[in-house]
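Enquirer: Taken from Swiss-Prot, the feature signal peptide applies to 1-19, supported by sequence analysis. Per Swiss-Prot, disulfide bond is recorded for Cys45-Cys63, Cys224-Cys240, Cys349-Cys354, Cys373-Cys382. Annotated repeat 'PbH1 1' per Swiss-Prot: 176-207, in sequence order. Residues or ranges marked as repeat 'PbH1 2' in Swiss-Prot: 208-229. The active site annotation in Swiss-Prot covers His244 and is backed by similarity to another entry. Annotated repeat 'PbH1 3' per Swiss-Prot: 254-280, in sequence order. Positions annotated as repeat 'PbH1 4' by Swiss-Prot: 288-310.
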Amino acid sequence: MVRQLALACGLLAAVAVQAAPAEPAHPMVTEAPDASLLHKRATTCTFSGSEGASKVSKSKTACSTIYLSALAVPSGTTLDLKDLNDGTHVIFEGETTFGYEEWEGPLVSVSGTDITVEGASGAVLNGDGSRWWDGEGGNGGKTKPKFFAAHDLTSSTIKSIYIENSPVQVFSIDGATDLTLTDITIDNTDGDTDDLAANTDGFDIGESTDITITGAKVYNQDDCVAINSGENIYFSASVCSGGHGLSIGSVGGRDDNTVKNVTFYDVNVLKSQQAIRIKAIYGDTGSISDITYHEIAFSDATDYGIVIEQNYDDTSKTPTTGVPITDFTLENVIGTCADDDCTEVYIACGSGACSDWSWSSVSVTGGKVSSKCLNVPSGISCDL
């Protein structure tokens, strides 16, 4: 009996060993995601009223989407949107206003990578520039704040922004790469009254690469676009009214004095001082190359239809050769002067400093023909 019990116990033990489940495999341990980063990516923040500018400056890196709703930016204060987290989306809602102070600005500053800044339907950034306008612009009188610094932006977009009555220059684009601006409206028409607004450039571009501006509507009192330095810049499907037209320059006297590969395409220029202008500063050095104006229509130019000067800033002197203008194309450019006080085409080049120009289907009428053009390149004429 004892032997039988021992045998039975041995069998039960063997069964128990065979039936014991295998130890489960340990799962691979991975590091938990940073909860603070997840929070940042998922956070929508809204800032409004007179304290909104201060709060967004302190909290902007905690937000992936920032709504600026009816913001009232205090006097002497920049709406600080610099150094945003990659991928941040900023949306203006309602009317954004700015307190009055004589200072240089800017009123708004944005920087970062993969940033989107846009205006919601009906949103307005109102500079109320009449508080500063005195006919002097940036050349004297009251110190006036520039409006919007789009500096050090990479792979970013600014779209559907409506800016009204800027005190002085509007967009400063500097140190930017792969930046697209779409459907921007700049309305400074109130500044036409008594010629009080001045130097209200729409887009000033410097030291930037791969910049695209399309669908802009600019009503101002200075350059619609002024490209002082940069490469691969495209401006298209836009309207410029009341200002100084589509400008390269002024080039010279800066750290970077090279403008290369610029295209203006499908632009209407209305009631402006001139439609097309290239400005190389007298006595300075740099280069302007691969410039194309294509499908440009203009009407009622007051001073010039087309003007190219290598003695800008000192037009009483003989043009210099330090900023050559090469590979300059005009194609399908048609426009009118307002009256015979307007010179249809004026070219003032230094000796041998303008070359490889190609103009086709270019017509300017309604003004006077210049007899003072200098060193006009082969195949080009001031009498169209």
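Cβ coordinates come from backbone N, Cα and C, glycine included.
What you see is a predicted model, and the numbers here were worked out from it, not measured in a lab.
Show me how these features fit into the shown structure, please.
Expert: Under the DSSP three-state reduction, Cys63 (disulfide bond) is assigned to coil, being neither helix nor strand.
Distant neighbours of the repeat 'PbH1 1' (176-207): 129-130, 133-139, 150-166, 168-170, 213-230, 233, 235, 240, 242-243, 254-256; these residues of the same chain sit at least 6 beyond its ends, with a Cβ under 8 Å from one of its Cβ atoms.
Mean pLDDT of the predicted structure over the repeat 'PbH1 2' (208-229): 99.
Of all Cβ atoms in the protein chains displayed, 30 besides its own lie within 10 Å of the Cβ of Cys224 (disulfide bond). Cys224 (disulfide bond) falls outside any helix or strand according to DSSP and counts as coil.
Sequence-distant contacts of His244 (active site), defined as residues of its own chain at least six apart whose C-beta falls under 8 angstroms from its C-beta, comprise Asp222, Asp223, Cys224, Ser272, Gln273, Gln274, Arg277. Taken residue by residue with DSSP, His244 (active site) is part of neither helix nor strand, so it is coil.
Packing against the repeat 'PbH1 3' (254-280) from elsewhere in the chain are residues 206-207, 223-225, 227-248, 286-312, 319-320, 322-323, 325, 328, 330, 333, 335, 338: each is 6 or more residues past its ends and has a CB under 8 Å from a CB in it.
Tertiary neighbourhood of the repeat 'PbH1 4' (288-310): same-chain residues 245-246, 248-249, 251, 259-280, 282, 319-321, 323-338, 341-350, 353-354, 362, 364, 367, selected by CB-CB distance under 8 Å and a gap of 6+ residues from either end.
Listed in sequence order, the residues of the same chain lying 6 or more apart from Cys354 (disulfide bond) and placing their CB within less than 8 Å of its CB are Ile308, Gln310, Pro324, Ile325, Thr326, Phe328, Ile347, Asn375, Val376, Pro377. Cys354 (disulfide bond) carries a strand DSSP state (E or B).
Secondary structure at Cys373 (disulfide bond), as computed by DSSP, is coil.
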Enquirer: Nearest by CA distance to Cys45 (disulfide bond): which of the disulfide-bonded residues is it, out of Cys240, Cys349, Cys373, Cys382?
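Expert: So, spelling it out, the nearest of the disulfide-bonded residues is Cys240.
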Enquirer: Quick test of the contact rule: Cβ under 8 Å, at least six residues beyond the ends. What residues does that give for the repeat 'PbH1 2' (208-229)?
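Expert: Sequence-distant neighbours of the repeat 'PbH1 2' (208-229): 137, 166, 169-170, 173-189, 191-192, 195, 197-202, 235-251, 254, 256-259, 262, 264, 269, 272, 277, 286.
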Enquirer: What Cα-Cα separation, expressed in whole Å, is found between Cys373 (disulfide bond) and Cys63 (disulfide bond)?
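Expert: Roughly 57 Å, rounded to the nearest whole number.
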Enquirer: Would you kindly give the Cα-Cα distance separating Cys382 (disulfide bond) and Cys349 (disulfide bond), rounded to the nearest Å?
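Expert: Rounded to the nearest whole number, the Cα-Cα distance is 12 Å.
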